[in-house]
Amino acid sequence: MSWSELEALCRIERLRSDQLGVNRANVNEYEVEFLCDYKKTKEEEFYLVKWKGFPESDNSWEPKRNLRCPKLMKQFHLDLDRELRRHKRRCIPKKLDKEVASFLLQKAKVRQSLQRWEAHLNQTRNHPGRIFVMNDVDLEGPPKNFTYINNYKVGQGIVLNEMAVGCECKNCLEEPVNGCCPGASLHRMAYNDRGQVRIRPGKPIYECNSRCSCGPDCPNRVVQKGIQFNLCIFKTEDGRGWGVRTLQHIKKNTFVMEYIGEIITTDEAERRGHVYDRQGSTYLFDLDYVEDVYTVDAAHQGNISHFVNHSCNPNLQVFNVFIDNIDERLPRIALFSTRAIRAGEELTFDYKMQIDPVDTESTKMDSSFSLAGLPSSPKKRIRVECRCGSDLCRKYLF
């Protein structure tokens with residue numbers, strides 16, 4: 001029995017419970033779970049109410065004056081207005097027809113399932129930024145067969161060995177000892193004093209790690225702190241499925257999120273690629289910084305990056321990051337802003353983004369293969385039409 005059902009039972013039996021918030025003052029009050037239908041007479045407006053903790057068979061018509069749920073009422077009318085516009089109707093009728101009432105009932109149930117999923121995501125996340133979920137477009141609920149994870153999950157036959165060596169700096173940015181962690185790998189510090197990336201795409205980022213002498217406030221610890229912004233998973237209106245928008249302003253060259261998923265071998269990626277091709281999905285991200293040995297698969301296990309759409313003119317850029325593991329075959333994939341991003345703007349990255357590896361000559365060779373019409377990856381076989389809508393759109397993802 002759920003907490004809401006226990007609460008309803010207490011009210012029926014006139015029992016009080018401090019844990020459930022049922023007391024002498026409110027024992028006779030019942031909570032509206034959602035509104036299902038609407039009708040009006042000359043004198044009054046009525047709503048069909050689904051009561052929290054009670055079955056739908058106990059739904060009842062209640063006059064507006066008896067209800068104390070302004071947010072639910074506002075949401076109900078927003079849904080009703082959208083549905084009436086879809087049917088090219090302007091005025092609210094005295095009584096809703098069955099088709100409209102059925103849609104509103106389903107919409108209320110979908111919204112509840114999305115709210116439960118949102119709560120689960122926020123209980124699961126290990127980063128400061130909150131996750132919100134919104135679908136004002138259709139009746140699609142939470143994705144099936146998807147598990148939210150915060151870190152890479154290692155696939156069968158793969159072993160992650162921590163190989164990092166810690167620095168001995170007291171001030172990694174201003175007084176780095178032997179170049180700090182980047183210097184140990186013959187690279188420069190990637191961040192400025194505001195935590196913004198200052199190296200060009202293609203150059204690796206080496207952050208301080210668990211073996212370093214510096215503390216958690218070290219300016220060379222950025223990606224490891226996780227997502228800092230409140231983000232919203234939302235249903236797009238132009239048929240691109242789910243997308244992600246930021247709810248806060250993001251400055252240029254700022255870390256936004258990692259691309260997280262299951263690490264698999266290229267052989268396993270080849271097998272899964274055939275399946276994903278038939279489904280028209282693209283969640284395989286090659287870890288080909290130095291050699292194409294491993295792939296990240298975010299199809300069924302991943303973080304919020306799973307829902308980020310492609311754009312041929314993106315506002316996010318991929319960087320290879322090394323923290324506790326410096327095996328160059330297994331970088332962490334971090335997405336940084338390419339420009340200032342307004343609150344409410346959708347986040348995108350280029351699924352076919354070219355990153356210069358250590359050997360710049362091989363990059364040119366990969367580009368030549370692409371220009372010659374040869375596949376740059378054995379896992380990308382089917383031409384997928386691009387719907388990004390950018391003025392720079394290439395018309396096809398692959």
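The backbone N, Cα and C atoms fix where each Cβ goes, and this holds for glycine too.
All annotation found in TrEMBL is predicted automatically rather than curated by experts.
Residues or ranges marked as domain 'Chromo' in TrEMBL: 30-77. The domain 'Pre-SET' annotation in TrEMBL covers 165-226. What TrEMBL lists as Zn(2+) 1 binding site is Cys167, Cys169, Cys172, Cys180. Summarising the annotation, TrEMBL assigns Zn(2+) 2 binding site to Cys167, Cys181, Cys208, Cys212. According to TrEMBL, the Zn(2+) 3 binding site annotation covers Cys172, Cys208, Cys214, Cys218. Residues annotated as domain 'SET' in TrEMBL: 229-352. The Zn(2+) 4 binding site annotation in TrEMBL covers Cys312, Cys386, Cys388, Cys393. Residues annotated as domain 'Post-SET' in TrEMBL: 382-398.
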Check your understanding: By DSSP, what is the split of the domain 'Post-SET' (382-398) into helix, strand and coil residues?
Key -> 0 helix, 2 strand, 15 coil
**Study point:** Rounded Cα separation (Å) that holds between Cys172 (Zn(2+) 1 binding site) and Cys181 (Zn(2+) 2 binding site)
**Key:** 9
Check your understanding: Which ones in the same chain are close to Cys393 (Zn(2+) 4 binding site), with CB under 8 Å and 6+ residues apart in sequence?
Key -> Cys312, Asn313, Cys386
Revision key, fill the gap. Rounded to a whole number of Å, the separation of the Cα atoms of Cys208 (Zn(2+) 2 binding site) and Cys167 (Zn(2+) 1 binding site) comes to 7
Check your understanding: Which residues does Cys212 (Zn(2+) 2 binding site) neighbour through Cβ under 8 Å, counting only same-chain ones at least six apart?
Key -> Gly166, Cys167, Glu168, Cys169, Cys172, Cys181, Cys218
Exercise for review: Using a Cβ cut-off of under 8 Å, list the residues of the same chain at least 6 residues beyond the domain 'Post-SET' (382-398) that approach it.
Suggested key: 238-240, 277, 280, 282, 309-313, 348, 351-352
Practice item. Go through Cys180, Cys181, Cys312, the listed binding-site residues, and name the one with the sparsest Cβ surroundings, counting other Cβ atoms within 10 Å. Key: Cys312
Check your understanding: Counting only residues 6+ apart in the same chain, whose Cβ is under 8 Å from the Cβ of Cys214 (Zn(2+) 3 binding site)?
Key -> Cys167, Cys169, Lys170, Asn171, Cys172, Cys208, Asn220, Arg221
